[in-house]
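*Asks:* Annotation comment: Swiss-Prot describes 1-22 as region 'Disordered'. According to Swiss-Prot, the feature phosphoserine maps to 2 (among others), an assignment based on similarity to another entry. Taken from Swiss-Prot, the feature citrulline applies to 4, supported by experimental evidence. Annotated compositional bias 'Basic residues' per Swiss-Prot: 7-19, in sequence order. The N6-(beta-hydroxybutyryl)lysine annotation in Swiss-Prot covers 10, 37, 96, 119 (among others) and is backed by experimental evidence. Annotation source Swiss-Prot lists N6-(2-hydroxyisobutyryl)lysine at 10, 96 (among others), citing experimental evidence. Residues or ranges marked as ubiquitin cross-link in Swiss-Prot: 14, 16, 120. Marked as N6-crotonyllysine by Swiss-Prot on the basis of experimental evidence: 37 (among others). Here Swiss-Prot flags 96 (among others) as N6-glutaryllysine, drawing on experimental evidence. As annotated by Swiss-Prot, N6-succinyllysine applies to 96 (among others), with the evidence given as experimental evidence. Under the heading N5-methylglutamine, Swiss-Prot lists 105.
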């Protein structure tokens, strides 16, 4: 006989996602699908979506950590767009990367030009005498 009868063959291994294989939280399969559907290239290698998902995950974690620090500095427990704006604009590299990006409800960085500040005069010393 061929040996393919009712003998209990090896059970199929549990499916493991490419994200878990790579140790990522971001979806490698979805990134791969979007790369294929986006007409960026005729073919997409197997490593490209893994690398791209890892880069996206790293950038997201970096921004969220800085935004969480900004929220904590403002004594808040929830990150709002203002905290994202402060985090990105105060970080030199992220500001360069996202320089042309507008964040809705983000506001602006607090900045007063030095010439507009009141001058420190000698009158304070004269009053104390």
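Note: Cβ is positioned from N, Cα and C throughout, glycine not excepted.
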*Asks:* What else in the chain is close to the compositional bias 'Basic residues' (7-19), if you only count residues 6 or more beyond its ends and a Cβ gap under 8 Å?
*Replies:* 25-29, 32, 49-50, 53
*Asks:* Give me the count of other Cβ atoms within 10 A of the Cβ belonging to residue 14 (ubiquitin cross-link).
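*Replies:* Result for residue 14 (ubiquitin cross-link): 5 other Cβ atoms within 10 Å.
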*Asks:* Out of 10, 37, 120, which of these recorded positions is nearest residue 105 (N5-methylglutamine) by C-alpha distance?
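*Replies:* Among 10, 37, 120, 37.
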*Asks:* For residue 120 (ubiquitin cross-link), which of the recorded positions 10, 14, 16, 96 has the nearest Cα in space?
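*Replies:* Result for residue 120 (ubiquitin cross-link): the nearest of the recorded positions is 96.
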*Asks:* Around residue 120 (ubiquitin cross-link), how many other CB atoms lie within 10 A of its CB?
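*Replies:* A count of 7.
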*Asks:* By a simple count, how many Cβ atoms lie within 10 Å of the Cβ of residue 10 (N6-(beta-hydroxybutyryl)lysine), its own Cβ left out?
*Replies:* 5
*Asks:* Counting other Cβ atoms within 10 Å of each residue's Cβ, which of the recorded positions 16, 37, 96, 119 comes out lowest?
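*Replies:* If we count Cβ atoms within 10 Å for the recorded positions 16, 37, 96, 119, the smallest count is at 119.
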